[in-house]
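The following features are taken from Swiss-Prot:
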BINDING   Arg23, Glu88, Arg127, Lys461  (6S)-5-formyl-5,6,7,8-tetrahydrofolate binding site
DOMAIN    223-382  domain 'TrmE-type G'
BINDING   Asn233, Thr252, Val254, Thr257  K(+) binding site
BINDING   233-238, 252-258, 277-280  GTP binding site
BINDING   Ser237, Thr258  Mg(2+) binding site
Amino acid sequence: MFLDDTIAAIATAHGEAGIGIVRISGEKALHIIDQVFQSKQGKKLKDISPRRITYGHIIDTERNERIDEVLVSYMKGPHTYTTEDVVEINCHGGMIPVKRILELILRKGARAADAGEFTKRAFLNGRIDLAQAEAVMDLVSAKTDMGFDVALNQLEGSLSKRVKKVKDELLDMLAHIEVSIDFSDEDVDEVTLDLLLKQSMEIEKKIKVLLETADTGKILREGLNTVIVGKPNVGKSSLLNALLKESRAIVTEVPGTTRDAIEEHFNIRGIPLNLIDTAGIRETEDIVEKIGVERSKAFFNKADLIILMLDASRELTPEDLQIMELVKSKKALILVNKTDLTSQIDYDRIIEIVGEKKVIKISLIEESGLEEVEEALVEIVYKGETRAKDSLLVTNVRHKNALERALESLTDGVQAIKQKMPLDFVEVDVKNAWDALGEITGDTVGEDLLDHIFQNFCIGK
């Protein structure tokens, strides 16, 4: 990528809309727009004060064609999104106007922007760091209000500031270590070792605090993969319909109606759920149903959360017991349905098998217990804590991996200090921790990783 050229792209979604926006960034942005834009007052944009919206038309002078009626804004660098000169053309929405305007801009000397290149330039030009750049994509793809708020906080630098503070503390450690190494002809005193150990352990705690938020952050970013399991005709499809508040799955009294998994994406109290209603798990000779059962088991193994449904009106069957044994090692909710009927189920046996898992009594036909189910989901995701809008969460898997590597290196450093190993070994561990944290903010990343990150962005962002 060349920062000295001028790029252009359509910045709005494809399709019919009220307006469309074409964005230009680079040192030739003003020169290019003045070749194609005619303002109503007849002035060139270079003769109009920046940060004003100017009415006029986009004209293809070579073909003597008026392309569209537009509003154009010019923002002079460095106080822009990319820190470069930026022009935005607001035209009529739809595929044709933006496409024709972009083609004209490219003919006048701009280059078609790569995916995420505007944000990448903002990063490379120092306006934002890499964590903030990634937050832009999280903001665009947020599935819930909470996810949006967390992304906005990261865009404003909440994670970056926390990571930078830890990195600065690691630099202080490195300074102490290097001074001690410079005087290597003298023994390292206990005071120095105690100080380094104290610093290391305090930084360890801070990294662990960040890592503890990663599971919740991942759910807010990607959704909670939740699988409803149970034997046939226990109410799995009815639960899916009740949570969706619409009839999505077929509900009958015939066991085995759901032959394949049904997947829905929706929000419950700000939690994005990827909810999968699976075929009932049982022994069957039906080939199609058997395939569905095998798929159910595959979804079960990959799930973040299992919702196991049992039938209160029947005694526990070998199938129930088999599924409960599988659930023991997973994060799970146990829902006992059909509590409106005479109870035949052994609750003590359920508790004996699943242990501390939450057991909720519900009746889908009477619509009772659903609120408690929603509350349990919130408790599982937020681990019983109340999350404020300005909560700092680690939502990016790349950030989590970097924090884990930093923690591992720092833990090695702590052990080296405790064992009174040469400080050169400690220095390597502390430097590795610093490098790992630098990957979050972009201080220690290569071009290949940057390309990989930004290729997932939208064109025009």
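Cβ atoms here come from the backbone N, Cα and C positions, even for glycine.
Taking only the Cα positions, the spacing between Arg23 ((6S)-5-formyl-5,6,7,8-tetrahydrofolate binding site) and Ser237 (Mg(2+) binding site) is 47 angstrom. When Cα-Cα distances from Ser237 (Mg(2+) binding site) are compared across the binding-site residues Glu88, Arg127, Lys461, the shortest belongs to Lys461. Reduced to three states, the DSSP call for Lys236 (GTP binding site) is helix. DSSP assigns Arg127 ((6S)-5-formyl-5,6,7,8-tetrahydrofolate binding site) to coil in the three-state reduction, outside any helix or strand. Nearest by CA distance to Asn233 (K(+) binding site), out of the binding-site residues Glu88, Arg127, Lys461, is Lys461.
In this structure, the CA atom of Arg127 ((6S)-5-formyl-5,6,7,8-tetrahydrofolate binding site) is 50 Å away from the CA atom of Lys236 (GTP binding site). Here (6S)-5-formyl-5,6,7,8-tetrahydrofolate is bound by Arg23, Glu88, Arg127, Lys461 per the record. The longest Cα to Cα distance in that group is 19 Å. Ranking the binding-site residues Arg23, Arg127, Lys236, Lys461 by C-beta neighbours within 10 Å puts Lys236 at the top. Averaged over the domain 'TrmE-type G' (223-382), the predicted model has a pLDDT of 79.
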